[in-house]
């Protein structure tokens with residue numbers, strides 16, 4: 001006989017896709033008991049007679065999933081680069097665009113000239129698209145300021161945005177995103193600034209949860225990333241890394257060496273990289289939006305990740321240059337159609353494994369007692385439909401921290 005249990009709200013009348021251990025874990029005709037912001041019981045509604053609820057909601061069918069988690073975005077930036085997209089489709093090369101001082105430097109200029117209020121307002125509009133699809137947790141990176149004052153302003157904008165939206169926002173300092181134009185002849189000096197000036201100030205003001213870098217031949221070398229990681233780890237930051245997107249430099253193994261939460265992109269990760277990630281619990285964050293827009297050919301080694309049991313997350317990588325994507329569900333479909341993931345892996349990739357990539361798997365990402373009450377009610381019969389449909393089928397309800405938003 002179950003012990004009597006009291007809760008604030010009992011949600012029932014739908015199939016619960018728990019995603020415990022990264023599997024669907026479906027409870028048919030299930031129920032979720034919530035007290036305050038937390039789940040205190042999940043199970044079949046037929047077994048809930050012992051629960052005394054102050055409020056009950058019959059969902060009337062459909063499925064319930066954990067709130068979706070977008071674990072890699074660049075939502076805060078100034079300006080717009082749709083003109084470059086059009087130029088490329090009219091035959092203008094990347095090098096020609098760069099010669100016109102376009103590309104990432106165009107975003108850097110626009111971001112540096114934008115006020116904090118302008119950055120927040122623009123990012124909020126982008127973020128609303130993700131939230132409308134059932135996203136309840138979002139990571140947002142800096143990295144378009146590339147000078148101390150502008151990087152701090154970006155992180156302050158992220159913090160301000162977090163206070164204005166019904167979602168959990170995780171901030172990541174990505175000052176090692178590209179070499180600033182002022183340091184193009186001396187990138188080591190910019191690494192000095194990051195390590196000696198910027199990161200200590202970010203830590204002192206509590207502006208970031210993690211530190212990221214871009215390890216690639218057109219950005220920062222493994223040795224330069226190592227310097228950033230040593231400084232960041234000494235200050236208590238969690239670590240993440242853009243690695244193996246365009247070439248194999250051993251960045252994924254470097255991330256694992258430092259016990260980084262994730263290595264992201266990872267198209268060129270080797271078996272030794274994957275083995276290192278498995279040993280250190282580093283999540284592989286796959287970013288099909290950038291792969292698609294750049295028309296890349298090298299797919300991430302999904303079979304190796306499976307074989308070595310490396311958790312695979314999916315994210316939008318929402319950014320103005322290589323992934324202007326504001327739909328996490330589209331990324332789920334791309335993860336399946338472009339990378340060969342299964343629908344179950346894709347859903348795990350935007351719930352439990354995405355939570356792991358943010359160091360939050362003990363609090364969010366699956367529906368079980370003790371976790372935060374973040375969940376989404378969908379007008380669907382099967383979880384695979386979330387991946388199958390391209391657009392449409394918005395949530396019936398989104399519950400964030402126990403409250404319908």
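Heads up, residue numbers simply count up from 1 along the chain you see.
Yeah, the Cβs are placed from backbone N, Cα and C, and that goes for glycine too.
Feature annotations, reproduced from Swiss-Prot:
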| type | residues | note |
| --- | --- | --- |
| BINDING | 72, 74, 242, 317 | Fe(3+) binding site |
| BINDING | 72, 74, 242, 317 | Zn(2+) binding site |
| BINDING | 81, 144, 177, 245, 322 | 4-imidazolone-5-propanoate binding site |
| BINDING | 144, 319, 321 | N-formimidoyl-L-glutamate binding site |
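Apart from the site residues 72, 74, 242, 317, the chain places the Cβ of 73, 141, 264, 265, 287, 290, 315, 318, 319, 323 no farther than 8 Å from the centroid of the site's Cβ atoms, the recorded Fe(3+) location. Geometry remark: residue 177 (4-imidazolone-5-propanoate binding site) versus residue 242 (Fe(3+) binding site), CA distance 9 Å. Long-range C-beta contacts of residue 72 (Fe(3+) binding site), restricted to its own chain and to partners at least six residues apart, with a cutoff below 8 Å, comprise 139, 141, 262, 264, 285, 287, 313, 315, 316, 317, 357.
Rounded to a whole number, the C-alpha distance linking residue 321 (N-formimidoyl-L-glutamate binding site) with residue 81 (4-imidazolone-5-propanoate binding site) is 7 angstrom. Distance from the CA of residue 74 (Fe(3+) binding site) to the CA of residue 322 (4-imidazolone-5-propanoate binding site) is 11 Å. Less than 8 angstroms from the CB of residue 242 (Fe(3+) binding site) sit 212, 213, 214, 215, 216, 219, 251, 264, 265, each of them six or more residues away in the same chain. Residue environment of residue 245 (4-imidazolone-5-propanoate binding site) contains 26 other Cβ atoms, counted within 10 Å of its Cβ in all protein chains.
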